[in-house]
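Peer 1: The following block contains the structure, expressed as structure tokens.
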Amino acid sequence: MASGVGAACEELPPDGTCDECEPDEAPGAEEVCRDCGFCYCRRHADAHRQKFLSHRLAAYVHGAQAWTPPASGGDDALPEDAEAKGEAEGEVESEVGEEESETEVDSESEEESETEEDSEDESDEESEEDSEEEMEDEQESEAEEDNQEEGESEAEGETEAESEFDPEIEMEAERVAKRKCPDHGLDLSTYCQEDRQLICVLCPVIGAHRGHQLSTLDEAFEELRSKDSGGLKAAMIELVERLKFKSSDPKVTRDQMKIFIQQEFKKVQKVIADEEQKALHLVDIQEAMATAHVTEILADIQSHMDRLMTQMAQAKEQLDTSNESAEPKAEGDEEGPSGASEEEDT
């Protein structure tokens, strides 16, 4: 068979491409088999080497003889061929062992590098997680501080707003201002009958109410309360009767009826305004009376406290004087027994 292969190789010299690949897609030959004479690329050379362990592969050189015929010589040639085959097989096995050891070393080094990279990645991830947790804790603490500050500022703002815009405080301030005379700043303790207004004690003396008829708060309150409040009721009854009479007159036009209604309601509105003013006067007078009453009570309490303070001061002075008078007597008593003892000794 070797002779047949050699004859084929002599008839068909190698063209420099891989004999196993497709002719149209065959790459350049890199190795050649010395036993069978075929040229191979890198991939097919490795496959041929693994399949035929006894074949000898060498680097392909263009123009060189690809096939080396076996030496003829009968029985003498057989040992040489066996030795050559054994050497080739040993070389192939050694090459395969070296390749396997290299692949094992490479795989071990790759595994070690992968484990190192994994450990580094894990440490990096842990450090990143720790840093993220620290950042989150810091952000939470900052947010809590900001919330506390905002709550305090809001509470302060609410208290300030309540103190500034509390309607009860404003109403109380208005009441206090109404209880004082706008001209003199004194309590409103007198009532002007002509102007129907509360005034202080200085208004009829040096103010705008000089020469006016005055009355006390109690008198003004009783007078306003005793007045008949049936004026509004009488005005309403009179309005209804006039409207009936006017509407029954066929000579009255619609425009005249509108004018009449407006005039009558103006009269009723005036009566209502008078009643409203009367009620407001009653409230103001009653409030002024309460203020005056409270003022009188406070004045009585203050005078009583002044009397008590005076009595306490007098009692303290008497106690001090009695203590001062008692001190010389005690000194005389102490000197008396000592002088008597001295006389007895003499």
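Using the three backbone atoms N, Cα and C, a Cβ is placed for every residue, glycine included.
Okay, these came from Swiss-Prot:
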type     : residues               : note
BINDING  : C181, H184, C203, H209 : Zn(2+) binding site
COILED   : 292-327                : coiled coil
COMPBIAS : 89-167                 : compositional bias 'Acidic residues'
COMPBIAS : 332-346                : compositional bias 'Acidic residues'
MOD_RES  : S338                   : phosphoserine
MOD_RES  : S341                   : phosphoserine
REGION   : 68-167                 : region 'Disordered'
REGION   : 313-346                : region 'Disordered'
ZN_FING  : 176-217                : zinc finger
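Each of these features: where is it, how hidden is it, and who are its neighbours?
Peer 2: DSSP assigns C203 (Zn(2+) binding site) to a helix in the three-state reduction.
Beyond the ends of the coiled coil (292-327), by six or more residues, the same chain brings 187, 189, 217 to within a C-beta distance below 8 angstroms of the stretch.
Long-range Cβ contacts of the zinc finger (176-217) within its own chain (Cβ-Cβ under 8 Å, at least 6 residues beyond either end) map to 223, 277, 281, 284-285, 287-289, 291-292, 295.
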Peer 1: Determine the most Cβ-crowded residue among the binding-site residues C181, C203, using a 10 Å radius around each Cβ and all protein chains in the structure.
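Peer 2: Counting Cβ neighbours within 10 Å, the top one is C203.
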Peer 1: Comparing the binding-site residues H184, H209, which residue's C-beta has the most other C-beta atoms within 10 angstroms in this structure?
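Peer 2: Of the binding-site residues H184, H209, the highest Cβ count within 10 Å belongs to H209.
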Peer 1: In DSSP terms, helix, strand or coil for H184 (Zn(2+) binding site)?
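Peer 2: H184 (Zn(2+) binding site) sits in coil per DSSP, no helix or strand.
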Peer 1: Under DSSP, the zinc finger (176-217) has how many residues in helix, strand and coil?
Peer 2: 8 helix, 11 strand, 23 coil
Peer 1: Can you give the mean pLDDT for the coiled coil (292-327), rounded to a whole number?
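Peer 2: Per the prediction, mean pLDDT sits at 81 for the coiled coil (292-327).
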